[in-house]
Amino acid sequence: LPGVANAGSRLQESRERLSVCSKLCYAVGGAPYQITGCALGFFLQIYLLDVAQLDAFYASIILFVGRAWDAITDPMVGFFISKSSWTCFGRLMPWIIFSTPFAVISYILIWFVPDISRGQVMWYLIFYCIFQTLVTCFHVPYSALTMFISREQSERDSATAYRMTVEVLGTVLGTAIQGQIVGKVDTPCIESPLFIGMTNSSVSLEELNMTHDTGSLTDTRNAYMIAAGVIGGLYILCALILWAGVREKRESSELQSDEPVSFFQGLKLVMNHGAYIKLIAGFLFTSLGFMLLEGNFALFCTYTLGFRNEFHNILLAIMLSATLTIPFWQWFLTRFGKKTAVYVGISSAIPFLIMVVVLDSNLIITYIVAVAAGISVAAAFLLPWSMLPDVVDDFKLQHPSSHGHEAIFFSFYVFFTKFTSGVSLGISTLSLDFAGYQTRGCSQPSEVNFTLKMLVSAAPVVLILLGLLLFKLYPIDEEKRRKNKKALQDLREESNSSSESDNTELASIV
């Protein structure tokens, strides 16, 4: 009967709804990746050069090999997860829990200076790669967990919004914890030799000595270890909260008679799915643009704008703005659609990025640009992870007999995010090196200031525009999403009814 069917449908939907507590616990699981990634992204290069005192060439090898290693670990972890069987804790949760303690140990050892004359390069290279592998074992299954916390698309979108809010908070925490602890003993800038030659030599030497006496190398090393311990403790706490508050659910649309195809067959199917490739291509360019801005904005504020003592607060303004506006973008995408949210949210940063370069240095304008950039960062954080489940659902409808590929979708998505981070790091480092960047200098040549303007304005604007053009090809609009949702619901109901009829027939035979 229609009334009974509607009542049963409403009851099923109510059972699929996630509590606020469950969404919060799920969201907390996204913090470790962001906290550790932010601390490593902002401080590892400085640590290797100034604290571990490695040669710049070897520091570059460590940083780039670590990124290249991700190209292996992300698909590899996706492969092993796709082969994992269900346990009493689920299929994904065991990966998260068992990788956590080893990830924390390897993370702390990255920030430890071993008392050995040779082998330091191998020490940091090995533990950096080990940590990247273990954090992948945490983050890839955690990302794929989105598809297993609820069958309702609206609930997954809501949980994703909670997650993105916590992840942005995680970037704030990573920057704040590492910056505040290490910053107390950080060494200030050193005047360039040109400046020293133009001033009284005794005064110059006294100033140089003051820069080195503000904190001993041992104090700096201890500060890095304390910061690593605090972040490691937060990593464990977040993993425990995730494990205690989230229950992984087996997909109801998965038919018992289906045989999962091999990883490589699944990979071929995934990479041939047009919607997935177009989504990745669009966010590849926009992510690269925002990462160029993120990685060079502190240098831009310090040297080009001359706000050396304010850049910490400016970065904090960006992160707080992003955190506070994620709920707005969640409302916006539900009201106007995800593709519209992409165009409005990501493009809103363009005029402000142009403004900060064209206008004269002004602290108020810089803060306005920081807030506006944070609003776009929030959209760039939320929308990729909100749109990816739609692509997975679209894939299921086109390949109803193939299942268990969620980890492949998410592992390659995570890989491309890391890939853009590595590319932005390489572009920035090479560009500044060619421009004549002076390490730890109080000022920089005009060529460096021009390069920084290109890295935080011209290049991000071009990349964002290219990404938005690619999004025009993305085929899943709101109408398509609603049709997919209804078709999946029909598929699940058909699967459930066939399972019930099979059970009834088996019982009659018995």
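Quick reminder: no glycine exception, Cβ is built from N, Cα and C everywhere.
The stretch that TrEMBL tags with region 'Disordered', taken from the ranges 199-224, 485-510, is 485-510. The transmembrane segment (223-246) is not in contact with the transmembrane segment (450-474), judged by fewer than 3 CB-CB distances under 8 Å for residue pairs 6 or more apart in sequence. Using the rule of three or more Cβ pairs under 8 Å, pairs at least 6 apart in sequence, the transmembrane segment (450-474) is not in contact with the transmembrane segment (121-142). Counting Cβ pairs closer than 8 Å and at least 6 residues apart in sequence, the transmembrane segment (364-386) and the transmembrane segment (31-49) reach fewer than three and form no contact. The transmembrane segment (121-142) shares the most Cβ pairs under 8 Å with 92-114, out of the stretches 31-49, 92-114, 313-333. Sequence-distant neighbours of the transmembrane segment (92-114) (same chain, 6+ residues past either end, Cβ-Cβ under 8 Å): 29, 32, 36, 40, 44, 47, 51-52, 77, 81, 84, 120, 123-124, 127-128, 130-131, 134-135, 137-138, 140-142, 144-145, 148, 221, 224-225, 227-229, 231-232, 235-236, 239, 242-243, 246, 248, 407. Shown for the compositional bias 'Basic and acidic residues' (485-495): DSSP residue counts in helix, strand and coil, namely 11 helix, 0 strand, 0 coil.
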